[in-house]
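I have placed the structure first, in the form of structure tokens, so that the comments after it can refer back to it.
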Amino acid sequence: MAGIKALVALSFSGAIGLTFLMLGCALEDYGVYWPLFVLIFHAISPIPHFIAKRATYDSDATSSACRELAYFFTTGIVVSAFGFPVILARVAVIKWGACGLVLAGNAVIFLTIQGFFLVFGRGDDFSWEQW
């Protein structure tokens, strides 16, 4: 039952993050949909973790080169997702208010993704691998 509550909370927070992102694009004052490209960063951010999880068989090791490389690539993806709307606002493609909403949405969505891996990545009977 605790897993179901966590799943509902994560889906709710993901919906709030996407709402911030959509507000940054669709409000009448902003009206530019270029910030939606950060959805690509949201989609590819877990991929290095999945690859590292499959490639490292020794789960007793505290660290491995593959896992560290996955952390590096994931960090680059997350920083790029936060930098993209700032660059768009700096070159006046979007307004700074839209940039703030997209950055707030990024923070909520990436915290939701991290929460998903913390809750369902424990390796017990109720993990995301079972779904």
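From the backbone N, Cα and C atoms, a Cβ is placed for every residue, glycine too.
As written in TrEMBL, here are the features:
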{"type": "TRANSMEM", "residues": "6-25", "note": "transmembrane segment"}
{"type": "TRANSMEM", "residues": "32-51", "note": "transmembrane segment"}
{"type": "TRANSMEM", "residues": "71-93", "note": "transmembrane segment"}
{"type": "TRANSMEM", "residues": "100-121", "note": "transmembrane segment"}
Check the transmembrane segment (71-93) against each of 6-25, 32-51, 100-121 and return whichever range has the most CB pairs under 8 Å.
32-51
Residues of the same chain, at least six outside the transmembrane segment (32-51), with any C-beta under 8 angstroms of its C-beta?
21, 24-26, 66, 69-71, 73-74, 77-78, 80-81, 84-85, 88, 93-94, 98-99, 102, 105-106, 109-110, 113, 117
